[in-house]
Structures are given as structure tokens and as C-alpha cells.
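Chemist: Sending over a structure as C-alpha cells; questions will come in a sec.
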């Protein structure tokens, strides 16, 4: 039967219609005199009970916890680093920190560095001679504190249980060694023997890692000493007191070739180098090029093949976006120690990686096979991670939008030429939006929550059918989905996805297609502003200019809109916020999870459909189901099929052209869509809107062609 949408609350037994009755019933129950008397009696009785209750019942849980900390049973001997997760961070210039050694351990850094200077038979610690004091010595800042920590971590017990396990610095990972880099600043031949001598307390306690010459095995200990700077390699090799328990910081460039020569695990545990020297030159701009990525990959692979860990120093510290890019890239390539002055920021980045370490791959990398002996042969050898090109990174698909999925997969897919797939993609993308608008405003089916939910169910079923019948979803096999990843990443991103879909579709009930497309140009600005707020990216002149350009253009387009609706504008603005937040969350939570548009839809569609089902009763109730007979199954299913085909087309779109080609194709599609809305739906646009939107499109092209940097 036919229902009038305006009589929704009165004619349907939906939750939306019942909610006022429930509230009214509760109000009557509370204000009814007999009920009021009963409630007063209950309150009086509770007061009498409280008056005779012992005082300890009034203690809050916070008070119990606070008091517990002062009780003898609240502590145990090995709790020094309780709850601290060790992370592959090197505390550069550690002696500058508020509390040398301890500040680094507090964030989980597993490596510290002390610059030592020999003067009057004593080792002083400081960056240069002017910063040296008689109180800051190698023993007082590092050797003695480490000895105290390790003794506390391994107390003598009066209990009759034997336990030969020796705890390292970290209580959470008891066998994690702490790398103590000794950067010799004065003459190495005279300074290094005193370093060896001052390590004697740690040596006597059996805390040092050492090379067992008899068995040819590296025996890990709680502390691993690494000599760097002016440390003489010949003295490292000659040091044979019991066993060699101090190692050399080898140059990382020595591991670019097949054989690192004299550097092996008998005398070397870590290889380091200046990033610029390792690359043979500085970074050009804010990212590595393919050649530089290949150089780093060869060095890291060569060192790891020799059993040696890797660190790069003199990495950029500013701007923060460049620093974080370098850290994430090095982390993805397999660098063991991130050289950091801001150890808190490095720890934050490591925590994001640890969150998903068992379920996703490293950030921003793909893999190809590489053999050190065949520089041009990539068909054999070990797997080496390499950076994705910027024009291969694309965004997740919105069913009513034209955006492809967030991260591509390197699996081979069927390919179509650019001249074939780009027009198909433009037609499908425009068709989805025009078709939805036709349903909302021409057929008067004003139920966007229901329509989006139906699209998502169709997509959930469609992706599973394709998974069983084609190879288009083979990339799903590479995604390791766990409960932790689902709850921490997929679910919150799915909530934002649902908000974006519902708001962006609901806007068509109040605004024209042409004006909505103009407002969508503001999305990159929202992404940048959120990234600035969370310090994911640092603002620069180019980005500020892009923000101003797009914002000014959209403002002019809005000012020129003839049928401006504030409510509709607010809904679309909220849709932009949801979408921008979703994309930022993907960047934070799904680093390296390789999902093409269909794989992405495979995981998100069921989640978003379930969320929408919870929202549907409170927003549209049963009214959409009453109006389905007016649409008919052909229109409903064909509408969902067009949206689904857009996802399929996005798979073929990946990699067919450069980022500039795809950006220009998107701009052409937007112009075509606006023109079509004028012809088909009679949308009116003014010269001021054309001028404003042209400015916004210029900013959009600048944003996408510069990679948002």
C-alpha cells in the first residue's frame, strides 16, 4: 500500500513512532502520587541503611587503588619496567635527556648512545668539550645505573624454588638486550681500552653479550656494547678477555655487495651509517625515489643476511611530515633501530606498528624478489620491500562516489587499456550519482539510509560470489584479519564509513547534484586540517595555499547557489567530515594492509550494513518497505548493481595511468556530472559558481598531483 512520508510517525509501528509514547509513559509513572510515595519510601530506607553501614563501604575504587600503592603487598622485586614494551628505537644523544638512560627505557627504547671523552684517565659524557662536567661520567650515567637495574631485576630470593632465568632491563620481554653505543670522541687507541676497563662490573656480573670463540656462537646478554665513532676496529678484534664482549658499529655501505668482508657476527652486531652517505646523496624533496629505495633495500637485506642489525643516523628531523615518512619507510624496509632525537614520537609510531604487527604488513611497501648477486634480476632471491609509487595509492570507494579503494594489491589482475577503462569508470561513477538522485527526487523514494543499506548488502553478497568464481578477490587471501584488527581498525573505520554514506546520500534530498559536487571539492581541505590537528602532517606554504584556494573556491560556489539550503549544506559538510576522518583513520590504522576496491568492500560492506540496520529503525522505520512496490525489483537491483560495477571498474582502473591522468579524469567526470545535472534535472548554476568551482578544481589538482605534501 502507498504511504505518505510525512505521516511516518503516525501511520507506522516503527521505533521512531513508539519512542514518544514510551517517554510519556515513564513520565506518568514517575509523577503518579502512589509511585511517588513508594519512591520516597525507598530513598528513606536507603538512607537508614547507609547510616549504619561501616565506613569502609564508602571508599571509592580510586581510594582503594591509591591506598593499595602504599601497602607492602602492592610491589614485587622485578617491577622496575612493568608494562613497558621494548621498541626498536635508538636514543640518539641520550645524555641530553632529562634523565640519561632512564628516559629512553621509559618509552621502551632498546638502544642508547653515550659520547665519551677521555681526560685525565676518566671517561666523561657530553656532546662536545664545552658540555662536559666532572659529575657526568660514563660510569655514573650508564655502567652503574645499568648494574643497579639488573640487580633489581634479578633479586636473590628466599623461596626454595630454583629459577635460572636472568631478567634483562625490560620486565615484559626478559631476554631483550639493551644496546649501549659508546661513541668515542677522543683518540680511539687510548680511549677504547678504558671503555673496556670500565665495563668490568657488567662483565663480572655476566650481563654482557659476547662472542663465544670456542663454539662460534653469539651469546646474548642483558647489555650489548657497540663501539662507534673513533672506536678502532682492530682493538675490537683483538679484545679476547674471556670472550669478545664489545662489538663494532660497521659501516652499512659495506653490506651493499655480496660479501661484507671482515665484518661478521664475531665482531659486528649492528651496521650503521649516515642516511645521505648510504644513499650516495641527499633526498630530493620529501620522499625517496625508486633508486634510493633500491639502495636501502640492498643494504638492509645484505646486513640481515649476515646476521647484522641496521641503523641509519642523520635522518631528517624537520619538517615532521618528512621525518615521519622516513621513519615509516625505514620501518617498512626492515631497519632494526630507528635513530631518534624525539623518542616519544618514535615510540608513538612504533606503537601503531605493534598494534597490527601480527596481522598486517609493514607500511607503504610492496615486495619483489632480489638476489644480491644479480643486480638486474628480480626473479630470484630474497624478498625485499620497496616503496609504493604515489600514483598507485588511491582511496576507499564510497558507493555513491567515484573514489577507488585505499591501498592496492600487487597481485596480477585482468587489465584493460586506459582508453577503455577510464571512460567506463566515468560513466559508471556518474551513473551511480545520477541514478540515486533520480530515485530520491524524481521517484520520490526519500529513504537514503535504506538505499545505502541495500547497496551494502548487495556488495557483501556480490564480493563473496566473485571470490568463489573469479580471481578478482585473490587479494583477500593476503589480508590476515584477526579479532583485534577488526575491533581496533575495521569497526571504527566502518562507523565513519556509514556516517559518510548516510550523510552524503541524505544531502541529495535538499541540495542539487551540481552543488553537492562542488562541496565535495572541500574534502582534501578537511583531510589536511585533520592531519594538521593530529600532527600526521606538518603545514607548509604549498598546503596552506591549497587550503585557501579550495576553501575560497567552494565559498564562492556556495555564495552563488540560487537554492541554498542551510540544513542540506550542514548535512553535506558533516558527510565531508566523516569521509575525511575515515581516510585519516585508514592512514593511521591500516598501514600496509593491501586491499584493492573489491577486497576493501568485501570487509567493510557487512560491517557498514550491520551498523545501518541499527540506525534504520530510528530514522526511516518501516516506511521504505511500504514504498518498495512503487520502485519494483528491477529499479532497486539495477541501482545496486551499477554501484557494485563501479567497484569492479575501480580494480581495472588501478595502474592504467599516472596520478595526473587519473586526477584529470576525475575532474572531467565532475564537470560532466554537473553539466548532466543541469540538462537532466534542471539544476541551475550561476557564473559565480562556475568561477568559484574552477578555483576549487585548480586547488584539487594541485593537491593530488603533489601527493598532498
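Glycine too: its Cβ is placed from the backbone N, Cα and C atoms.
From a predicted model like this one, the values you see are computed outputs, not experimental measurements.
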Chemist: Given 390-408, 447-465, which one carries TrEMBL's transmembrane segment label?
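Modeler: The listed stretch tagged transmembrane segment in TrEMBL is 447-465.
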Chemist: Cβ under 8 Å, sequence separation of at least 6 from the ends of the transmembrane segment (447-465): give me the contacting residues as numbers and ranges.
Modeler: 399-400, 436, 439-440, 473, 498, 501-502, 505-506, 508-509, 598-599, 601-602, 605-606, 608-609, 612-613, 615-616, 619-620, 623-625, 627, 636-637, 639-641, 643-644, 647
Chemist: Counting a contact as 3 or more Cβ pairs under 8 Å, with residues at least 6 apart in sequence, do the transmembrane segment (485-503) and the transmembrane segment (566-589) touch?
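Modeler: Yes, the stretches contact each other.
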Chemist: Give me the mean pLDDT over the domain 'Sugar phosphate transporter' (420-701), rounded to a whole number.
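Modeler: Across the residues of the domain 'Sugar phosphate transporter' (420-701) the model's pLDDT averages 82 on the 0 to 100 scale.
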Chemist: Which sequence-distant residues neighbour the transmembrane segment (515-536)? Criterion: at least 6 residues beyond either end, Cβ under 8 Å.
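Modeler: Hits for the transmembrane segment (515-536): 320-321, 324, 401, 433, 504, 507-508, 543, 546-547, 550-551, 553-554, 557-558, 561, 563, 569, 572-573, 576-577, 579-581, 583-584, 587-588, 670, 673-674, 677, 683, 689, 692-693, 696-697, 699-700, 703-704, 708.
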